[in-house]
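Enquirer: I'd like to ask some things about the structure below.
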Amino acid sequence: MECYEQSRQRAAFVVLLFIVMLGSQAQAQLRTDFYSDSCPSLLPTVRRVVQREVAKERRIAASLLRLFFHDCFVNGCDASILLDDTRSFLGEKTAGPNNNSVRGYEVIDAIKSRVERLCPGVVSCADILAITARDSVLLMGGRGWSVKLGRRDSITASFSTANSGVLPPPTSTLDNLINLFRANGLSPRDMVALSGAHTIGQARCVTFRSRIYNSTNIDLSFALSRRRSCPAATGSGDNNAAILDLRTPEKFDGSYFMQLVNHRGLLTSDQVLFNGGSTDSIVVSYSRSVQAFYRDFVAAMIKMGDISPLTGSNGQIRRSCRRPN
């Protein structure tokens, strides 16, 4: 009996080791020079389009960054969020966390069109999302990084998964945030650093109404200023947008964390990062050192880009980001 139990434990260990090796192998296939021979002009081509779009509308930088996040947290960084509905599946665009909220699809289409003309059938939509996220941060004054590439695109999307709570709602508690990020291999420090993306961008009234009218851990003058464009009545001004960082809304810096220390986080999921909990010290450190924030944000973005990529012969290189081949 004891011998059988030992054999069973060894078998379970071998299976676990195999799974870990498969995950490591997939990540190992991602590399920064993946397209250096097959599409050498990829990076400057993407940069030019993102630069043009950010020049037209600064807000689009935050939208492109968020698009990558919402893709990676639903079955991995596989560009499933870009797929339109088909007869065989309902896509993720109209799921609760994305509907009337996630933007930037047309920018990805424009980039894909240009890249296809240069290097047909070579570059995945998933990799384009990763590059545009990096370029958006850079163009708003943040620190860049070398993007690991080699992802392939999914051939399906999942409305139900996108709606299942894997994407943190704006009313999240700290425990909920920690658990959701941990499920994707991201630490509490990674979570706080990635939340710093809210140093740019805007949120709709419907996502922060409860906070500005009902919260007690909020600066009163801040709450009053936000109420001017966000009426208390549900259905009134739901889509009115407010900037997330009052101080430097168009600069990727550490101001977001200074706002949290002063109880001026716009979303509940922002302020819970500094509310007497386990992440308070991280917020304080970022509020005092933008370089510490930049360092950890870059590391967390690279880790997020490693979430369950399709590599090798898995998935496909879509000709259009909106539909499978």
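Just so you know, glycine gets a Cβ as well, placed from its N, Cα and C.
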Enquirer: Where Swiss-Prot annotates a disulfide for Cys39, which of Cys77, Cys119, Cys125 is the other cysteine?
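Expert: According to the record, the bonded cysteine is Cys119.
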Enquirer: Do you know which of Thr171, Thr173, Thr199, Thr311 Swiss-Prot groups with Asp245, Thr248, Asp253 in the Ca(2+) 2 site?
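Expert: Of the residues offered, the record points to Thr199.
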Enquirer: Check Swiss-Prot and name the cysteine among Cys72, Cys125 that pairs with Cys77 in a disulfide.
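Expert: Swiss-Prot says the disulfide from Cys77 goes to Cys72.
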Enquirer: Measure from the Cβ of Val74 (Ca(2+) 1 binding site) and count the other Cβ atoms within 10 Å, all protein chains considered.
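Expert: Its Cβ has 27 other Cβ atoms within 10 Å.
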Enquirer: Sort Asp253 (Ca(2+) 2 binding site) into helix, strand or coil using the DSSP assignment.
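Expert: In three-state terms, Asp253 (Ca(2+) 2 binding site) counts as coil.
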Enquirer: Between the binding-site residues Asp71, Asp78, Asp253, where is the Cβ count within 10 Å the lowest?
Expert: Asp253
Enquirer: Taking each of the recorded positions Ser80, Asn214 in turn and counting other Cβ atoms within 10 Å of its Cβ, which one has the fewest?
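Expert: Relative to the other recorded positions in Ser80, Asn214, Asn214 has the fewest Cβ atoms within 10 Å.
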Enquirer: Give the sequence-ordered set of same-chain residues, not counting Thr199, Asp245, Thr248, Asp253, with Cβ within 8 Å of the centre of the Cβ atoms defining the Ca(2+) 2 site.
Expert: Ile200, Arg247, Pro249, Lys251, Phe252, Gly254, Ser255, Tyr256
Enquirer: Measuring Cα to Cα, tell me the gap between Thr199 (Ca(2+) 2 binding site) and Asn214 (N-linked glycosylation site) in whole angstrom.
Expert: 23
